[in-house]
Amino acid sequence: MPVQAAQWTEFLSCPICYNEFDENVHKPISLGCSHTVCKTCLNKLHRKACPFDQTAINTDIDVLPVNFALLQLVGAQVPDHQSIKLSNLGENKHYEVAKKCVEDLALYLKPLSGGKGVASLNQSALSRPMQRKLVTLVNCQLVEEEGRVRAMRAARSLGERTVTELILQHQNPQQLSANLWAAVRARGCQFLGPAMQEEALKLVLLALEDGSALSRKVLVLFVVQRLEPRFPQASKTSIGHVVQLLYRASCFKVTKRDEDSSLMQLKEEFRSYEALRREHDAQIVHIAMEAGLRISPEQWSSLLYGDLAHKSHMQSIIDKLQSPESFAKSVQELTIVLQRTGDPANLNRLRPHLELLANIDPNPDAVSPTWEQLENAMVAVKTVVHGLVDFIQNYSRKGHETPQPQPNSKYKTSMCRDLRQQGGCPRGTNCTFAHSQEELEKYRLRNKKINATVRTFPLLNKVGVNNTVTTTAGNVISVIGSTETTGKIVPSTNGISNAENSVSQLISRSTDSTLRALETVKKVGKVGANGQNAAGPSADSVTENKIGSPPKTPVSNVAATSAGPSNVGTELNSVPQKSSPFLTRVPVYPPHSENIQYFQDPRTQIPFEVPQYPQTGYYPPPPTVPAGVAPCVPRFVRSNNVPESSLPPASMPYADHYSTFSPRDRMNSSPYQPPPPQPYGPVPPVPSGMYAPVYDSRRIWRPPMYQRDDIIRSNSLPPMDVMHSSVYQTSLRERYNSLDGYYSVACQPPSEPRTTVPLPREPCGHLKTSCEEQIRRKPDQWAQYHTQKAPLVSSTLPVATQSPTPPSPLFSVDFRADFSESVSGTKFEEDHLSHYSPWSCGTIGSCINAIDSEPKDVIANSNAVLMDLDSGDVKRRVHLFETQRRTKEEDPIIPFSDGPIISKWGAISRSSRTGYHTTDPVQATASQGSATKPISVSDYVPYVNAVDSRWSSYGNEATSSAHYVERDRFIVTDLSGHRKHSSTGDLLSLELQQAKSNSLLLQREANALAMQQKWNSLDEGRHLTLNLLSKEIELRNGELQSDYTEDATDTKPDRDIELELSALDTDEPDGQSEPIEEILDIQLGISSQNDQLLNGMAVENGHPVQQHQKEPPKQKKQSLGEDHVILEEQKTILPVTSCFSQPLPVSISNASCLPITTSVSAGNLILKTHVMSEDKNDFLKPVANGKMVNS
C-alpha cells in the first residue's frame, strides 16, 4: 500500500481516539466540515467546534444524525427509520432521499471494511480516485448548511471523474502515451524516461539548490557530464529539453544580462526534490491537458515513475489542474466518443445527469443549495456512478486491471545507486534498478531474448513471411517468399539447401547479423531448397516478369536449365519492387559485416565435397561427406591490399554463387525450338571447393575433358548477368576463378526480330539471357566508343555446344592456383565480373545471337582477343545501353556506398588497375582428334560474344587497361614491314555461308583439339610463341586465298561476319616483301632462344606495343620479366565482327605487367594486327573462307 493511503482509509475509525466506529459506543457523527468523530469523543469537547479545523458546530450534538453510511461499512445494522426530524416535512423528505443515495454509494466502499486501516482495493469496481471522492461525499453532514455545500461539490467532483473514467475506458493507452510525448516534444521539452529523468532533476537540484545562478549552457553541461557514465545517451540537446520543461514550469528566477546569456536561479520553493518533481510532473500533466489527452493516474504513475506507487500523487496534481470548464468539455468529449463507438452500454442516458452535475458551482463560497437541488444532485451522482460501474463490469474491454508498466530495455539492467551507496533503496521492489547480481543478470538475459526474437515483417508487393524464423547460432533459415511473384515458397532446412545437401551452412555469429541477413533476403528474394530447379522457362519467371521484378536466377548445384533430372537445388527469386521503374540492383546476400562468418579460400582443397547427384553419362561421381563430419565453410581470401569494405563478401557457400538471370531468359520468347535433352544428365558439382559454374539458360554445361593434379575445374568465367558486387566482389583471383565455366553472355530483348539461320546441327532453342542488367551498369564506359564505331554486321550464327552431339570442342582456360597472389591489391570494381567473355570456343557461340542485328564488338575465341575500337555509328549502339544510361542518370552517386562510383565523363575507376600482374599462362587445352591441322579464324566466327569488348575496347581506358593486359597480352612481331596494305577502305569480311559447312567445322575443331596433348608439354615461353604461331598460320591461309577478293563484301550485313584482322603500323605501311616464313621465325623465336620474347613487341589486349627503335629481329628479343606496358599511339586489333572507319587510340598505363601466355590450338584463332597509317586509308582486303587476300 502507498504510504499516504492510511490518511484516507482511516475514515472508518475515530481520528481522536482511534477506535473503529461501531453502532453502540463509537457511533460516527459527521460535522459540517466533513470531519467524522465518534459520539464519545464529540461529547468530551470543551467547545462546540471541530477539534481539527476549529469550525463551529451550529447544530446541537445530540441532534446531529449518526452516519449510517459509515456504519454499514463496518458491519453494523442500519435502522429503517432514524430519529432525526427536520423543521418541516418537505425538507425531511428531500433529506431522506439524499441520505439514501449516499448510503447506496457508500456500498462501493464495502471492500475497505476488512479491518481497521486495512484497504483491499482489488475487489472494488471503482478506481482509487473515485473511491477517494466517494469517501469525501460520505463524510458530508447533510443536516448542516456547510455540509450540504460540500456534498454538492463532492457530487460534482464524482460526476466529473466519472466522465473521465468513461473516456479512459474508450482510449488506447499505447496511442495515448505516444500522443503525450509528441505533445511534450512539440513544446520543446522532453521526458527521458523514469530513471534518467529522475537523475537529471537531481543533478539540476544539486547544481542550483544552494541558490547559485548559472547560465543554461553551464547547467546543461554539468548535468550531461555527470550523467554520461551511467547514461551514455545523454546529450546536451536532451538535457536542454529537460531544463526547458522546468523553465516552462516557472521553476527558475531568470536574471538577464546584456550581451550575455541569462542566469537561472532555482526558486526557493523548489529547492527540494519533492517540490521540484511535483512541479515538473504538473507541467507534463498540463501539457497533456492542453493537448486534450485524458490519462488516468495509474497511467501517469507508470509513465513518469515506471511503477504504480505514485497514482495518488498524480491524482492530486490532476485535481489541482482541473478547471470549472473542464467538466462540460469532458461531457462533450464523451458524447463524441459514444457516437464513434455506437454506445453499446447506452451511456447517453447519463448525459442529463452529467450536465446537471456540471452546472454545480465548485466555488467554496457558492450559495447554499436548496434541499431539492441537493436531492437532485445526489440522485444524479448515484445514477452516473452506477452507470460507470455497470459499464466497467459488463462492457469494458480491459476491465479494472492495473496497467502493467511497459517493458523497458533499461529496466533493472544496472545496479541501484542508492542501494550501493546508502545500503538501502527507498523505492524498494518498485525500483527500476537491480538490487542484486541475480536480478541484474536475469533482466539482462531477458532483454537479450527479447532482442533476439524475429518478428514477422511485411514484404514488398504483398510478400509475406510464411514461417516465423527462429534464429540459432548454427543456421539462418530463410522462409521469405511471395506467393504472388513466385510459384512456390519452400522453407530451407539448413539455411541454404536441403538437409541432405552437405553444402555448408551460413554460420551466424550473433542474432543481429542473423536479423540483418534475413532483412536483406527479405528485400531481395527468397532462398529455398526443395530439390527443384527451374527447367527452361517457368511460370514463376513469367509471373514475375509481369510485375517488373528484378532479374531472377535459378540457383542450383546443377545447370539451372538442365533438361536432366535434378534432385537438390536452391532457387533464388528476387522480390519485385513495384516502385522501381527499372531493374534494381540490390545485394543478394547480406552486406559485409564483421558479425558474419565467411568462407575460406575457394582455391584450397577442402575435406568435403558438394552433394552427390544422379550420375548419367561417363562422369565420375564426386565424393560425399562422411557421416558425422561437420561441413567446412571455405573463406575467400582477398588480396592483402584490397580494401575490405570495398569487397562485400559472398555469404553463401561456393556452390550457390551463381549469377541471377533475367526472367526474360526463361520465357518462351525464343524463336527457336526448345533445346534437346541433355545427353550427359545432371552435371556433377565441382568437388574442389571453388565456385560451381553458372549456366545460362541456353546451353548445357559439359565438364572439362581433362583433369589437373591439384584441382578439377569447371568451364566457368565470371557471370555476365546481374550478380551484384556484394555477392562476388572479391579479389582478382575470385573474379576470374579459373576462367572456365563462368562466361558472359550478351542479351537480346525477346521482342527483337532475328535474322539468323542456325546451322542444321545446332538446334538453337536457347533462351536468351537478358543483358539489360549489365547494359545499365556501364553507360559511360561505352560512351567514348559510341562516337567512333561504325555499324557492324551482326553474326547470329548459333553455337554448336547446345547440340546433343558431343563432338563440339571443349576449351578449358585456367589460371594457376596462385593467380591472385601475384596480383596487387587494387580494388576490383563490381561490374567487371559481368562483362567477361568466355575463352572457350565451344561455349562462347551461344552468346552470338544475343543482340540481334547489332554490331558485335569483339571476337574472343580460344583465349585470343580481337578488339573492335573503330566503329563510328552511334545510333546502332546507343539503344543497347539506353536502359543502363537512363538508370545511371537517375541514380546519384553515393561516394562511400558499396556500389560502383562512375564518372559521367567515363568509367575512370571501374576496371582493375595495372597493379594486377601475373606470370602465369592462360592455358587452353582440349583433347579431341589426333591430327593437327591449321584452322582459319573464320571457322570460329560463329562463336562471338556480343559483349567481348570488355576484353578489347576497354583497353584504351588509361586507368583500367591492365584489367585486360593481364589476360590479353601477347608478344607479337611487328608485321608492318612484311605486309602490303590495301589502298582502299574495304574491310576484310567473311561470309557466314562457309561457316555452315558442318563437316568442315567439325573436322577442323577435332584437329584443333588434337593439339592439346602436344602443347601441354610446352613450357611457358612456348605458350607465347605457339599462340603467335597460330596467328601466322592464319596469315598464311589468308595469303593462299588471294583470289577471293570481293564476294564477301556484297553479302547482307545480317548474314555475314566481317573479319577485320589488321596489323597496324605507323612506320612502314607498305612493306610486305619479306617471306612469311621469315616473319614466322622471327615471331616465334624458333631459330634462337626459346625463353626469349621475339620481337620485343608486347600486345596489350591484342594491341602491339609501340617499338621505339628498329633493330634486327634477333636484337628485339627481350625476356618475359622485362615486358613493360608502353603507351601505344594508334594501334588496335580489329574484331572479326567489326566494321570500322578509324582506329581508336589505346592508352595503357605504364606498369610492369607480365603477360599471360595463352596456349591455343593451331588455327584456333589467328590474331592479325595492323598499324593504321597516319592517313587512315590502309585496310586489308576481304577474306574468303578464312583465307587472307594480299594486294
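Note: Cβ is positioned from N, Cα and C throughout, glycine not excepted.
Looking up S368, S808, S837 in Swiss-Prot for phosphoserine, the annotated residue turns out to be S808. Binding of Zn(2+) 1 is attributed by Swiss-Prot to C14, C17, and within the candidate set C33, C38 the record adds C38 to that site. Of the candidate ranges 410-438, 1019-1047, 1048-1076, Swiss-Prot annotates residues 410-438 with the feature zinc finger. Record note: of S751, S982, S1119, Swiss-Prot gives the feature phosphoserine to S1119, with no matching annotation on the rest. Beyond its flanks by at least six residues, the zinc finger (410-438) meets 193-195, 230, 306-309, 444, 447 of its own chain at Cβ-Cβ distances under 8 Å.
Cβ neighbour count within 10 Å across all protein chains ranks C33 highest among the binding-site residues C33, C50. Look at the binding-site residues H35, D53 and count other Cβ atoms within 10 Å of each Cβ; D53 has the fewest. Helix, strand and coil content of the zinc finger (410-438), in residues and according to DSSP, is 11 helix, 2 strand, 16 coil. Per-residue pLDDT, averaged along the zinc finger (14-54), amounts to 89 for this model.
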